[in-house]
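Trainee: Quick one: this structure, given as structure tokens, is what I'll be asking you about.
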Amino acid sequence: MRKKQQVQTTGEALEKPESQIRVMWDTLKKNKAAVAGLVVILFFLFLAVMGDWLAPYDPEYSDMGHTFVAPCRDYYFGTDQLGRDIFSRVLSGTKISLFVGVAAVAYSLLIGTVLGSVAGYFGGKVDSFIMRCMDIMLSIPSILLAITLMAALGKGLDKAIIAIGTVSIPEYARIVRSSILSVKENDYVAAAKVVGNSDRRIIFHHILPNVVSSIVVRATLGISTAILDTAALGFLGMGVQPPMAEWGDMLGRARTYIFSAPYTLIFPGLAITLAVLAFNLFGDGLRDALDPKERV
Amino acid sequence: MFKYIIKRLLQLIPVLFGVSLIVFFLMRVCAPDPAPIVLGQHATRESMEEWREANGLNEPVVTQYVDFIKGAVTGDLGTSYYTKAPVTKEIASRFPATVELAIIAIILAAIFGIIIGVVSSVKKNSIFDNGGMLLSLVGVSVPIFWLGIMLIILFSGILHWLPSSGRIDPSLRPDTVTGFMIIDSIIQGDTVALKDAVVHMVLPAVTLSLYSMAIIARMTRSSMLETLNQDYIRTARAKGISEGKVTRKHALRNAMLPVTTVIGLQLGSLLGGAVLTESVYAWPGIGNYTVQCIMKSDFPVVQGVVLLIAVIFVLMNLIVDVIYAFLDPRIKFEKKEV
Amino acid sequence: MLLEVKDLETEFKVKRGTVKAVNGVSFEVDKGEILAVVGESGSGKSVTSLSVMGLIRDPGRVAGGEILFNGENLLKKSTKEMQAVRGDKISMIFQEPMTSLNPVYRVKDQIMETILTHTTMNKKEALKRAIEMLDLVGIPAPEQRVNDYPHQMSGGMRQRVMIAMALACDPELLIADEPTTALDVTIQAQILDLINRLREKLGMAVLLITHDLGVVAETADKVVVMYCGRVVEQATVEQLFTKPLHPYTQGLLDSIPKMDEDRERLYMIKGIVPDPIHLPKGCSFADRCDKCMEKCREHMPKLSVTEDGRKVRCFLVSDEVEGE
């Protein structure tokens, strides 16, 4: 065992020094699952941009003469209870899910980073007050907190973003705070100070890169959770306003026809699963690539 | 140990205070006026005003909150806007269904999660490992309500093996003793009811357990891999113990320490996750009920439920820590030994 | 002869290729004798000991040779048969006493486990034996300490527990892999003294793996010096310390600080251990050797026997070439 480790360390030492991003990318490239995840993410991004153009029908147009058409050549995924083309609606839903997912993560990342930084930087009473608040939020299961927030805020895309984003604020606040605390006490920051680096240089060259890597991983995985939560809210009838095509909302409205028209329920769910899976695969790959402990 | 538990229980008070504050703020300040929803769109201004007065909604918010807290301390969480019954009673009648479901689900999740995790770690990079990890990846990625729907389509719609909703056939329902359908039917020796209750439990429990199972499997695997690399595992092998015993006795016991924490936390979040599962299977539990109450703006009930779940969630954390201390002799809450 | 290792080869597959951690190593251990295997880290001495125990695991494997224990080849034994040998006939203690005991079990459970695995004793007898063993290794109040968890003991105490555990079934051979390296200097002496005393009392043989020639001088009967997976010199302790033949051994001895000499600086062998995947063509030590000759870079010298029964792998002593 020890033998092997030694070989690896001498081996690493012999390699040319490469930039961290380069090493990370090389590790990521070798991870087939992560690459597959990335490809699917890019595919969904493509659909989000081109979906409306690719869609054969208007996703919100209801053709009451063609309700519950089973999947066929005219309607690839069939039509729903209001005669809308499910294929077009799933395409259109891509945009919404990705947008809500990214926006919710961006929102909670922003608030979480600010709160975590303030807590970590100032410490003391400010720190314990903020972290107490985070503990309180964490003591309510996330989906319950999200639906309570939706109940208070009302329906709508913007409100869904706030509800879903708020739920994960504590997570980012904790990561940022603990990163800042550990970096504050780390030897290399002390070393950088001793060498006479300015505070700004320390923050940008030493603290940020370390915090950013764990944040990036968390955020990638966070998008998958946000997509799931969006769909859950939609399913419970608390997501977007009709007739907007949102995957979870489509499932929630079609569930009455579970035995008579099961195909209306298959494709929106598949889309959710695939999107979430892709972000999870890519996020796991990123984590393995960024965390040298996991790499060995 | 006793002192530690007391200390932790005291720490709970500010947390629960905070939870009540958040929920109260959201329900009474942010949320729209419940009167037109509760009374219907055709209600007159006067009747709405009368209703608000009767429910104390015209008082200043601070007074309302103080009243709410005063009541909560004495176990009075107010009354439902619709049934006029005490919130505690409304919750109590539905809570056992949720607890029963969550407990069965966590047992399934723990058993299968640990088995998958252990096999994956012992046979690292084998087909078992890859299969197990793929399953757990799907487990964390699939929306549980969609999984539920697909299971219903397959097992109820196509195969007709299992019922798609409810806890039990109403005609078979045993008398309520504990409120746990399975236990009640066992107590009364009613095997027909027991069988029906179990059959109704299968799909919801499997659905609810998948996510937790995936998390537990991943945690077990990584914990086992770390443990199997420890020096004391080499010592155990050097003693001439069989590989199976090394895994079971020496590795698993240590690897279970972090897994215990995860299982405890999952049980807490299962109570929350039950919202979706109960909705899919029309399970007469607290999660399904809460969603309906939110839709109907029955705020006292929502407040009560959120508060209750928060209490359980935090208590679970405490219980997990205490169990951890029993499992790991290195942790002692009392003063250090000499 | 108790243990005969013949042409042992153990290799590890790593990403960049295969490392021959042990490359044709042979030595013998007699009943009741202490044989020290000396070398720097990476010389293959620990891998040799793990090979004897049958504890080489993926990505490593024993690729060739024989390990005869009481005339039986351990490499031919099944997993089950090896389990019966380990902890009973051959025991092992390790470098890291702090982490070598399982933190969640009491000391008694861990000692009793060995006894219950290999003997027909019942629990009560096994507990009695465990307490006896703790007493034997010099742990005070063994009846109480037997109920301790490892974290309640110091490093020296834990190493004593490890020894008690290893000796609980009266093994014929104890393999001690750097047993004192992780301990304080005063504790080191105590542990070595203990091993030596128990060897005399119980009549077992000891295979002592160490990088510390001081330890060798104090305890061993015979010494094998390893470098880059090969034996470079084998001699009795007296022979080795009075007249080391291999330049590597000479270097090792010169790097020990001596009380009676007044030198400006301590001697250091120049250079570093070569990359195990790309070992030089000739003698592995050539690059670092003060007396390196041309043919040292071309050919690997053979481990040849001298008149007084020692073995040396160096062209300064014999012209024999490996493999010819």
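Note: Cβ is positioned from N, Cα and C throughout, glycine not excepted.
Sequence annotations record features per position, and here TrEMBL assigns domain 'ABC transmembrane type-1' to B:95-324. What TrEMBL lists as transmembrane segment is B:12-29, B:101-122, B:134-162, B:197-217, B:255-276, B:305-327.
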Trainee: Taking a Cβ cut-off under 8 Å, which residues six or more beyond the ends of the transmembrane segment (B:197-217) line up next to it in the same chain?
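Mentor: For the transmembrane segment (B:197-217), the list is 100-102, 104-106, 108-110, 112-114, 116-117, 120, 132-133, 135-140, 142, 144, 147-148, 151-152, 155-156, 162-164, 166-168, 181-182, 185, 259, 262-263, 266, 269-270, 273-274, 277-278, 280-281, 283.
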Trainee: May I ask which of the stretches B:12-29, B:255-276, B:305-327 has the most CB pairs under 8 A with the transmembrane segment (B:101-122)?
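Mentor: Of the candidates B:12-29, B:255-276, B:305-327, B:255-276 scores highest.
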Trainee: Short question: which residues 6 or more past the ends of the transmembrane segment (B:255-276) have a Cβ under 8 Å from it?
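Mentor: Answer is 98-99, 101-103, 105-106, 109-110, 114, 117-118, 121, 143-145, 148, 208, 211-212, 215-216, 219-220, 223-224, 226-227, 283, 285-288, 290-291, 309, 312-313, 316-317, 319-320, 323-324, 327-328.
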Trainee: Taking a Cβ cut-off under 8 Å, which residues six or more beyond the ends of the transmembrane segment (B:12-29) line up next to it in the same chain?
Mentor: 57, 61, 64-65, 68-69, 72, 299, 302-303, 306-307, 310-311, 314-315, 318
